[in-house]
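> The structure's right below; bear with me while I get my questions together.
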């Protein structure tokens, strides 16, 4: 599941306690991995109607053509309600400085993207959606994208850092349901919109057949209303996103419900809104770029997102007439459950609008964890996760990394309109250094070396282009 409201990527929900056990068991599992390192640190969070608890670890993570090294994520050991793993794309609720490199951070620090930015086109029905990391696809929207500032946490409804944007108007069929300045989170994890009570009550006038059902805490509506046509028009600045009325009528077991709920604490625009929008999320510049997406087939036209205050380019959409064989990025399988939409990445070395070689430095720190051994000698340990050693080669390479922690591979072929350059291949050595202190020996051991220290160094090498230096911290 792609989640623009969560920052913690995790895998392996408890399918027996999920909302949809059949779907949950079909999404794949993170199982054995020789390169996975358990950090022996726990995390958890509550969900709407559930919870999830996990152990932190790190491993390689494959997203499109990118292969992230030492990506920290959670392996769930208990959950309720969650039906799929989570590919988290949001900042920390506490602020824009992450406690450890999240996926969007890692892509930037390790040089796969030129800034912490991505674009999302969820689509609806049978039309194929897209997640583009470090770039955008002009074939997927019409007109221009409007740049909106992300509302700071200090001015947001709940005081947390999220992808907050200001809605200026909600209208439809010559009716105005709201006009003012209302903050909403763009939330790809929720299938419906969560509206403040005044807006929700006003919107209900567009559905005269709606009847409140106490048992489900939802408003049921005549399913025939889906065929009535018309749109709900969401205006941000000078841009209006037109969403078909049918997206706000959801059918379940032969009964139709309004695809909206009341929420005065964290109002959000969910996937029934996002299915009609093309959105670029720019963390570095605290901005959102939004436009009307276009349904149907397309001729892919990828454009890289650069760096600096004007990192996100502003070309108009290039969608024209449908084609019979759409060009699309292949689906990818990260360490979590596969994303529901295809994932593509833009390498800075293969796009003419990006630098030929770019590296970035993540915050430096040391990770302390405990480590288990199979020996009967009791030890305590401290492990330093270092990714600071790298050897660069300026050789041409057409090799694509094939290994991910789940043994899957994805290659994103460059489009014909993209000018490529000879990439700089970087071989990077990852060292996991563990210091053991002897604190106890078996009774049969006559001369126990109390307090004696020994060090174990595990070496793991990977190659990508370009490279970066990073040292990660995870605190208890």
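Placement of Cβ uses the backbone N, Cα and C atoms for every residue, glycine included.
Heads up, TrEMBL stuff is auto-annotated, nobody curated it.
According to TrEMBL, the record shows the following:
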DOMAIN    1-291  domain 'Peptidase A1'
DISULFID  223-256  disulfide bond
REGION    305-424  region 'Disordered'
COMPBIAS  320-402  compositional bias 'Low complexity'
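Looking at the shown structure, can you explain where the listed features end up?
The average per-residue pLDDT of the prediction over the domain 'Peptidase A1' (1-291) is 94, rounded to a whole number.
Residue 223 (disulfide bond) has a Cβ environment of 15 other Cβ atoms inside 10 Å.
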> In terms of DSSP three-state secondary structure, what is the assignment for residue 223 (disulfide bond)?
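In three-state terms, residue 223 (disulfide bond) counts as helix.
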> If H, G and I count as helix, E and B as strand, and all else as coil, what does DSSP give for residue 256 (disulfide bond)?
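DSSP assigns residue 256 (disulfide bond) to strand.
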